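> Marked as active site, proton acceptor by Swiss-Prot on the basis of sequence analysis: ASP195. The annotation ATP binding site is assigned in Swiss-Prot to LEU79, GLY80, HIS81, GLY82, ASN83, GLY84, GLY85, VAL86, VAL87, LYS102. Look at Swiss-Prot and you will find 16-25 tagged as compositional bias 'Polar residues'. According to Swiss-Prot, the feature compositional bias 'Low complexity' maps to 26-35. Feature annotation from Swiss-Prot assigns domain 'Protein kinase' to 73-360; the stated evidence is sequence analysis. The phosphoserine annotation in Swiss-Prot covers SER223, SER227. If you look up Swiss-Prot, you'll see 1-37 marked as region 'Disordered'.
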Amino acid sequence: MSSGKRRNPLGLSLPPTVNEQSESGEATAEEATATVPLEEQLKKLGLTEPQTQRLSEFLQVKEGIKELSEDMLQTEGELGHGNGGVVNKCVHRKTGVIMARKLVHLEIKPSVRQQIVKELAVLHKCNSPFIVGFYGAFVDNNDISICMEYMDGLSLDIVLKKVGRLPEKFVGRISVAVVRGLTYLKDEIKILHRDVKPSNMLVNSNGEIKLCDFGVSGMLIDSMANSFVGTRSYMAPERLTGSHYTISSDIWSFGLSLVELLIGRYPVPAPSQAEYATMFNVAENEIELADSLEEPNYHPPSNPASMAIFEMLDYIVNGPPPTLPKRFFTDEVIGFVSKCLRKLPSERATLKSLTADVFFTQYADHDDQGEFAVFVKGTINLPKLNP
């Protein structure tokens, strides 16, 4: 994008990621789950009967797939690109099981590739209705294949391109699933997600919402560290200025994602009163931004697509966080995202405080995903509004 003409105004120099967990003194994922029987793990999660049944069915199917290799899979088509790799829909030839296979091409030593596959094996320990299921991983030449549960509704960034923006009630259900998924990863698997964004939130026609592409392999994270070529960043301000990754960083990314789902566009730079007025087809004086945030003194281009990558990163650090307009959204969701998007990590919400928030509790007991399931089914064959 910059072809050498843009300077890095932040002097970005992100700290290493692999050893951050081990330095914290926390148990590794393998240590955390190796000695706990599956039945006990599921009981501890407090799942509903439908959740337990669906998870058990997945594990039974998975039991029939002992190993994976290139010749065992038949590619059916491309599902999308994401985080350094292409994702294809595949069929396991022997069992007929449909999978999503992420293919990551890395020019690295064979020993490093094998170590990455070993680290990815921790995903076998993830048994949660809020985490996408894992079938296995293997290496073929310079390609690492990560085989996952197929979610027929695909990712929320794709859904968003089809419907424009999501109703608040569905964003409420998504919020519950994501917070519970992040909590499971942190408390049970002892890892942070590190890449929370709509494209890593998957949905299916059962109304389930699951996280994928989390940072279980430190070596894979490091191997892909120089491959960022995206036009968006969900990274928290403190990460862009060199601080270590914490759960607060995941919560910032989560909050930014929620705003995007609600307004239908990546919210950096933060929408102005004028843009919101156009979005909701009202006069500009009818737009009142939440949290008493006035028009920012920081004036970047209003269109995210026109921002160079380092302009965008500079805005995340120095510009105001996005805020939702009153009248068009409830006070509950406005307050919820505001708590996630505090610039200082020490002032940001925690996973525990989010679960006690009124917006979360409003949707926390909705076992019946029927309405959301119908919505997802209705989007599957829709064309994108802006292909």
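Using N, Cα and C of the backbone, Cβ positions are placed for all residues, glycine too.
Quick one: where do these features end up spatially?
The secondary structure of ASP195 (active site, proton acceptor), as reduced to three states from DSSP, is coil rather than helix or strand.
Less than 8 angstroms from the CB of LEU79 (ATP binding site) sit VAL87, ASN88, LYS89, ALA100, LEU154, each of them six or more residues away in the same chain. When secondary structure is read from DSSP and collapsed to three states, LEU79 (ATP binding site) falls in the strand class.
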> I'm checking region-level scores; what's the whole-number mean pLDDT for the domain 'Protein kinase' (73-360)?
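Summarising the domain 'Protein kinase' (73-360) by its mean pLDDT gives 89.
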> Let me know the DSSP-derived helix, strand or coil state of VAL87 (ATP binding site), please.
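In the DSSP reduction, VAL87 (ATP binding site) maps to strand.
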> Measuring Cα to Cα, tell me the gap between ASP195 (active site, proton acceptor) and HIS81 (ATP binding site) in whole angstrom.
15
